[in-house]
Structures are given as C-alpha cells and as structure tokens.
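Chemist: The structure is given below, and queries will be raised subsequently.
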Amino acid sequence: MRLSLVLALLPVAFGAPTRRDEPAPLHVPRDVDSLIKDTYIVKYKDITAFSAVDEGLKLLSGKPKHIYKGAFKGFSGKIDAKTLELLRDDPSVDFIEQDAIVTLAAYTTQASAPWGLARISTRQRGPTGYTYDDSAGAGTCSYIIDTGIQANHPNFGGRAFQLVSYQGSNADGNGHGTHVAGTIGSTTYGVAKRTTLLGVKVLSDSGSGSTSGIIAGINYVVSDSRSRSCPNGSVANMSLGGGYSASLNSAAKSLIDNNIFLAVAAGNENQNAANVSPASEPTVCTVGATTSADAKASFSNYGSGVDIFAPGQSILSTWIGSSTNTISGTSMASPHIAGLAAYLAGLEGFPGAQALCNRIVALATTGVITGLPSGTPNRLAFNGNPSG
C-alpha cells in the first residue's frame, strides 16, 4: 500500500512546474514620466521555447497588451500581484519590468533665467531664457569639493547630499559650496537640473584648507564613485586653488584617470593659470570667467591652459540659510562647466572624462570674448541648443 501511494504521487510531482531558487528580477524604470499601474513587460530567456511563453500567457486574467515573438521574447499586459508572483517563479523568465510612459526628448526654456544660464544656451548675447533638453543631467552624479553644501536647501529638490568633511563640521558654514552646487544643479539656478549633488567638504567655514586635506577629499570621491549608482557618469568641481603644487595636480589627475570629469577654476589673480593648481593640470577642464558683456572678467586668470570660459561675474545661485546670493569669481564659472558636463553626459552618454572636456571645447562659441591676452583660447561655453 505504501509503495502504491508513492507511485500514485509521482505523476503529480513530475507534472508540477519547476520553481527557481530566487524570483526573477522585478525592475522599476527610473527617470521616466510615469509608471503604468499594474502593467508589466515579461521578458523570457533567449533560449526559451515559445511554448513556455504560451504557458505564461495562460496565467493572465485578460488579454495581453503585446506578445513578442521576435528577438525579444515575452509579452506585456495587466498582471495582478498573485500572477506576478507565479511568473517570477518561472525559471524561463529572465526578468519583469513595470511598463512606463516614454515621451520624445524635448527642449524646454526657463524664462527670465540667471544670465549665466541664458548665455550658455545661445550663440548670441541677448536672450534671457535658458533653453535645455529636459534630460537635464538625469543619471549623473556631481561632486562638489568645496566648503560643503546645504543639502536640504529647497532649491535642490531632495537631490543633494553632504557626504563627508575634512574640515570640522559637516555643514557648509561659508556658503561658497552651496552656491557652487546651485549653479551645477539646483532647480532654478542650475545647468543640470536633475543631477545628484554630492558635497565633499575640504575647505573650512572661512574658506581655507590644506593641500593634504584636499587630496584626502579627492581620494574620497574616487572611492565613493566606485560604489555609487551614477549610470550616466560622474563629474566633479573644484572651485579652489593656490600656488603651483605637483601633489595637488597629481591628485586632480587621479580623478580623470578614474573616469571622473573635473572642472576647476582658473583662479582670480589675473595671471597665467599655469602658475596655480589644480588649474595648471593639463588633464582637467580649466575654466576662466566672463562678464555679461562677453568680456574676460577683470580678475580671471588666462593663458593657453584655460580650456573654456563661462559666466563668472554677478552670478545668482543658492546660499546657506535656504537663501540666494550673487557673487563673482572663476569659482562661479567652473560650476557652469561641471553642470554642462553633467548635462551633456545625461543627454549624450558619458564618453570618458577627457573626452567630455573635449566635447565641451568643440561645442564652444568661438571668437566672441573681448579682452583676452594673446595665446588664450577664445572659447565661450555653449550647451548645444539646436535653436541657439
């Protein structure tokens, strides 16, 4: 009797579907306009016979939205929670992803934008709107190596994080870093309005710091970037500098070597940028400052090592205390380029750290800046706006 009972159960056991050890991955798309409720795309493994897809279709309570019989094998449709669980247990299923709304990439214009934003989205001086693709740096990370950032500033929209401090308190007690972060990626004052902003504090609340501390901050960025999800790449900004330092230049180069784009301020001494660091490091993107009249800002450093110029005088941006401030310097020009790097990486993909600087140089408006000393490249940043 015992033997016959076991034998009687065998056909049932053999007829049961095989279960997998772990459920198939369930993906939720990021940075989309909207998700479609209870609607999923079921992707089967490439080696799966289509009969397995047919078996999955039988689980649906209604008609499928699409059946895929080509290179992409599977189906889509409304799937309730119980059926979703059954499908995820099917070893033939590769993954399941929630359906989402996808729209044409569109350019949008921010009316009455800060003058610096307006200037980098047009070839000619005059327009007051900032025109940009609404990808806006999505999927990128922007490291601000500075005085820290006020991460909870309302204009950062929850996209900002103060990570670490090598100078006392983790808070930005100066305002400089928060201003820089705002130009890179704040909602109102930023170039790349969807980038993630990451603060690394290497300067004190009085605005000073040691070379050794800055190097420690750079090493932190390299380490952090390896474990952080930034699918469209990472950029960094250093709106700081001092006399020539082989150590600081070497540390700045290590960011490039680790495929992190770096924009640095050319300096505010009205001298050759070859005399200061990290602006003199050849592999970084060194940024000089211009005025709203397209003249070299009187304070801006210059020379053949300046890759690009960007707005840097009377720049309105975020400030500590959840406020705003208008200040000047190549410190304000550099984040326009860090933001532009994040913007282009989100729009076109990340081509590599040095290649991204080359892309910015290639896009630049040439020959419009007045007052440049001989030998200084006459290149003003431009975001590639097709109507610009």
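Glycine too: its Cβ is placed from the backbone N, Cα and C atoms.
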Chemist: Looking only at Cys230, Cys357, which is named in Swiss-Prot as the disulfide mate of Cys285?
Modeler: Cys357
Chemist: Between Asp146 (active site, charge relay system) and Asn237 (N-linked glycosylation site), what C-alpha distance do you get in Å?
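Modeler: Cα-Cα distance, Asp146 (active site, charge relay system) to Asn237 (N-linked glycosylation site): 8 Å.
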Chemist: If I take the Cα of His176 (active site, charge relay system) as reference, which of the recorded positions Cys230, Asn237, Cys285, Ser331 has the closest Cα?
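Modeler: Considering only the listed recorded positions, the nearest one is Ser331.
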Chemist: Any idea what the model's mean pLDDT is for the domain 'Peptidase S8' (114-388)?
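Modeler: Here the mean pLDDT over the domain 'Peptidase S8' (114-388) amounts to 98.
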Chemist: Quick one: pull the CA-CA distance for Asn268 (site 'Important for catalytic activity') versus Cys230 (disulfide bond), whole Å only.
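Modeler: That separation, Cα to Cα, works out to 32 Å.
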Chemist: Using Cβ-Cβ distances, find the residues under 8 Å from Cys141 (disulfide bond) that belong to the same chain and are at least 6 apart in sequence, listing them in sequence order.
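Modeler: When sequence neighbours closer than 6 are ignored, Cys141 (disulfide bond) has Thr195, Thr196, Leu198, Ser225, Arg228, Cys230, Gly233, Ser234, Val235 within Cβ distance under 8 Å.
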